[in-house]
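First the structure, in the form of C-alpha cells, and then the observations on it.
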There are 2 protein chains.
Amino acid sequence: MTTASWLDLPADSLFGIHNLPYGVFTTPDDPRPRIGVAVGEQVLNVAAVANTVGVDPELTDLLDATTLNPLLGAGRPVWTQVRALLTEWLTDPAFRSAVEPELTPRQDVSLHLPFQVGDYVDFYASEHHAANLGRLFRPGSEPLTPNWKHLPIGYHGRSGTVVVSGTPVVRPQGQRKAPADAVPNFGPSRRLDIEAEVGFVVGAPTELGDSVPLDGFADHVFGVCLVNDWSARDIQAWEYVPLGPFLGKSFATSVSPWVVPLEALRQARVAPPARDVEPLPYLDDRDAKEPWGLDLSLEVRLNGTVVSRPPFAAMYWTAAQQLTHMTVNGASVRPGDLFASGTVSGPDRGTEGALIELTWNGERPVALPDGTTRSFLEDGDEVTITATAPGPDGSVIGFGEVSGRVLPARG
Amino acid sequence: MTTASWLDLPADSLFGIHNLPYGVFTTPDDPRPRIGVAVGEQVLNVAAVANTVGVDPELTDLLDATTLNPLLGAGRPVWTQVRALLTEWLTDPAFRSAVEPELTPRQDVSLHLPFQVGDYVDFYASEHHAANLGRLFRPGSEPLTPNWKHLPIGYHGRSGTVVVSGTPVVRPQGQRKAPADAVPNFGPSRRLDIEAEVGFVVGAPTELGDSVPLDGFADHVFGVCLVNDWSARDIQAWEYVPLGPFLGKSFATSVSPWVVPLEALRQARVAPPARDVEPLPYLDDRDAKEPWGLDLSLEVRLNGTVVSRPPFAAMYWTAAQQLTHMTVNGASVRPGDLFASGTVSGPDRGTEGALIELTWNGERPVALPDGTTRSFLEDGDEVTITATAPGPDGSVIGFGEVSGRVLPARG
C-alpha cells in the first residue's frame, strides 16, 4: 500500500493510515458515547462522516452506536467495507471538507470501554510464563503440567469487571495463607501483580454446537487490544486448587481503549515457535499458509520506568488455536467476547510479563529511579503497558496503552 | 398469610399464590417476549395488567420488558412492591376482570431464557460432592483440598452458553486422555454427565470495589432457579489442571425458566450444617439471625425415571456466603449475574447430583425400567431436574423444571 493521507501524518505515527483502530469516546461538549477511529493525534467521529457523505444506511446504523458491538456482529465483509471507506475518506482529498470537522484532538476526548464484553476467557499460552509459574506455585513438580503442550489451557474470567485503561484498581482483600501459616487470614493482598497480555475481540457469532476451524479465525475475530490481568498472587495461591483462579483475578481486568483491526497486523504475522509435541489435527497449524503468530513488542512501565519488554512472537499457542480450541466443544461465541493470550513472557530476563516472574517471587526486586524497589505493587503505583507491531512500508502500528493506578484497599 | 386467590387454585398447586415465580414467555399469536408470572396452570402477562389497572409508570416500564433484567436491577424495595401488587391482583376479586383476560394456559406458551446472563459463577458447596469428586479425580489424595472448609470454592463459567430448559444439548467433542493412554485423543465425550444445582439470580448491582456482607444477601439476590451444569468428565479430567474446568463445562448450562422470588422461600430457610472449621469473620454465619440454608428437595429424572433425590439443606456453604465471598475482593455484580450452588449431593446413596457419583465412575450403573443401564449419558437421553420447598400454611413451592435432551456429536 502506498496510500498517503491528506492529513500529512508523520511517517512514524503509531496511529497512521495503516492502523485506524476503533474506540468509543465522548467530549466535554457531547457526553454521548460514539465510535471513534484514531488517526495521528486525532479521533474521527465515523458516524458523523458517514451521515455527511452518505453511505449505505445499514452501515451508518452500525457506526452510529454507543459501543462497537453492532459493528463487531456484522462480520468480516462489513469490517473490510468500513475499513475501505475510512481509508478512502482519509486519503482522497475530495473528502477533506466532510472529514476535517469531525476530527477532535485525542487529548480532548475521554475514552470508554469500547465494547460490551460478553464472555472473557484468559489463556496461558506463553511456555516461559507457564513454566515460571509452575516453578513458583508448584515447587518440586514438573513446571509444565502434562496437558500444556497438547491444548491451549484457559479459563473463564469475570467479564463484568473488565474496565477501560485509566480506571483505578482498588487493592483487593481476601484470604491469604502463607505456607508456614496453619490457617488462612484475611486482609488486603500483599502480592498484587500485573499480567501483560494481548486480547482478541470476537466479532461474528457462532451457533451453539458449531466450532471455528483454524482458518476461520479472521472471519470471527475483529481485532486486538492490550490487557492487564491484575492478579493477587497470595489470594490466587490459596484458592486456585482445584477449580482455578477466581478472586485472585476477578477484582479487575484492564483493557486498552483502542481495538486494532486484524487487517492492520498483516505485516506482523510470523510463524509461531516450533511444535515439539505433535498437535491433534484440529489444532495443527504446522502447514498453515498463514500462521497466526504475531510479532508484537510489548513494554511494561512501572511509574514511568520500563521494567520489561515481553515479545509476543514467542507465544507457543496462537490466538487462532485458542479460538478453535475454545469452540471445539460446540461452545458458541458472541460479538464482544474477549479472549486474552495469557501473560506474555519471553525466555530472557527483562522480558517477563508479570512481577512474580520478573522479581522471582520477590527474590530480585525491581529498582526504580526514585531509589525504591518493588517485589509487588504498592498503593499509588501506576502500571502502563504499550505495544507496537510492524506495519507496511516501514510504518509502525501502535496499540495505545492500558494503564491503571493502584488505590488502597477499602477498610 | 391466609391469602386465597379468586383463581381457586388447588391447595397442592406448586405454583400457588405464595410462589409467583417470574419468567419470559411468548405465544403463537404474539412472538414478542414478555414477562409472565406463573400461577396455577396459567401464566399472567404482568405488563398488560399493569397497563390496564394503571400503576406507577416507572413500575410498568420495568414490567413491560423482554427480559427480567430491568426489574432485577430495580432492587429489593421495588421487588417487594411488585410482589404485593401481584398478590393483590390475584386475591382481590375487584381485579378479576382486569386480570383474567391476561391469563394464558401454561401449556400454550413458550418459555425463554428469563434474563440476560451477566457473569455466571459456579460454586462447589456440597461437602459430599466435593469429597466424592476428590476421591474420583485425585485418588490417593485427601478428598477435600485444604482450602475447602475455609472458603466457598468457585469459578467462572461461560455465560454465553447458558440456555433455557428444553434446549437440546449437543454432545461435546474434545481432548480425552485415559490414564493408560500415552497421549490424548480427540472425539465425542464418552463421559457426559449432569450436575443438579440451584442457581441464584442477582438483581441489584454493586460498584467496583464494594462488597456485599452476609446480611446484604436479600438486598442483592432476586430469586432462585434450577441449573443443570452439563459436564464432560473425560474432557474435564484432562484439561482442569491448573486453571480449572473449561471445555468440559462450557458447551451448555441449562436453567429452569421460572425464577422463584426469594420471598417465596421464607419457610424454606434452615440452619446450614455445623461449621466444623471456624469461618473467617466475613463468612461467619453461626450467629446469623436468619441463616440462608434452604430446605429444597431436588429430584433428578433420567428418561422419566427418578434416579436421585438430592437434598439442598445439606449444602455446607450457603448462597449468602457465596455472594459475600465472590465480592469480598471488590468484584462488582450486575443485574442478571447468575451463581450456582455446585452439584447438590447428599450423604446417602440415591442423593447424588451427578452420575459420576451416583454410578461411582460407572462401577454401579443405574438401571432403567427399559432394561438398559447408564454409567453416563447416551445420545437421546433426557434429564429433568425438579425441586420443591415448603411454603406457608402447608403449601409447597415448586420450581418447575430444567430439562434437556442429548443430541449426537456433530461430525
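Backbone N, Cα and C atoms are what each Cβ position is placed from, and that goes for glycine too.
Predicted automatically and left uncurated, TrEMBL annotations should be read as such.
According to TrEMBL, the protein has these features:
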| type | residues | note |
| --- | --- | --- |
| ACT_SITE | B:H129 | active site, proton acceptor |
| BINDING | B:D122, B:E195, B:E197, B:D229 | Ca(2+) binding site |
| BINDING | B:Y124, B:R138, B:Q236, B:Y240, B:T343 | substrate binding site |
| BINDING | B:D229, B:K249, B:T253 | Mg(2+) binding site |
| DOMAIN | B:18-114 | domain 'Fumarylacetoacetase N-terminal' |
| DOMAIN | B:121-405 | domain 'Fumarylacetoacetase-like C-terminal' |
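Among the recorded positions B:Y124, B:H129, B:Y240, the ones whose Cβ sits under 8 Å from a Cβ of chain A are, in sequence order, B:Y124, B:Y240. Here the recorded positions are B:H129, B:R138, B:K249, and the one whose Cβ sees the fewest other Cβ atoms within 10 Å is B:R138. Each of B:D122, B:G157, B:R158, B:E195, B:V227, B:N228, B:W230, B:S231, B:S250, B:A252, B:A340 belongs to the same chain as B:D229, B:K249, B:T253, is absent from that list, and has a C-beta within 8 angstroms of the C-beta centroid marking the Mg(2+) site. Across the domain 'Fumarylacetoacetase-like C-terminal' (B:121-405), the prediction's mean pLDDT works out to 97.
One way to see the shell of the Ca(2+) site is to take the Cβ centroid of B:D122, B:E195, B:E197, B:D229; the remaining same-chain residues with a Cβ within 8 Å of it are B:G157, B:A196, B:V227, B:N228, B:S231, B:K249, B:T253, B:A340, B:S341, B:G342, B:T343. In terms of DSSP secondary structure, the domain 'Fumarylacetoacetase N-terminal' (B:18-114) contains 50 helix, 26 strand, 21 coil. When the Cα of B:Q236 (substrate binding site) is compared against those of the binding-site residues B:D122, B:E197, B:D229, B:K249, B:T253, the shortest separation belongs to B:K249. Around B:Y124 (substrate binding site), taking its Cβ as the centre, 23 other Cβ atoms fall within 10 Å, counting all chains. For the recorded site, the residue listed as 'active site, proton acceptor', the DSSP three-state label reads helix.
Across the fold, the C-alpha of B:R138 (substrate binding site) and the C-alpha of B:D229 (Ca(2+) binding site) stand 21 Å from each other. Inclusion criterion for the recorded positions B:H129, B:Y240, B:T343: a C-alpha placed within 10 angstroms of the C-alpha of B:D122 (Ca(2+) binding site); this criterion is met by B:T343. Measuring Cα to Cα from B:E197 (Ca(2+) binding site), the recorded positions that fall within 10 Å are B:T343, out of B:H129, B:Y240, B:K249, B:T343. In the three-state DSSP scheme, B:E195 (Ca(2+) binding site) falls into the coil class. Classification of B:Q236 (substrate binding site) by DSSP places it within a helix.
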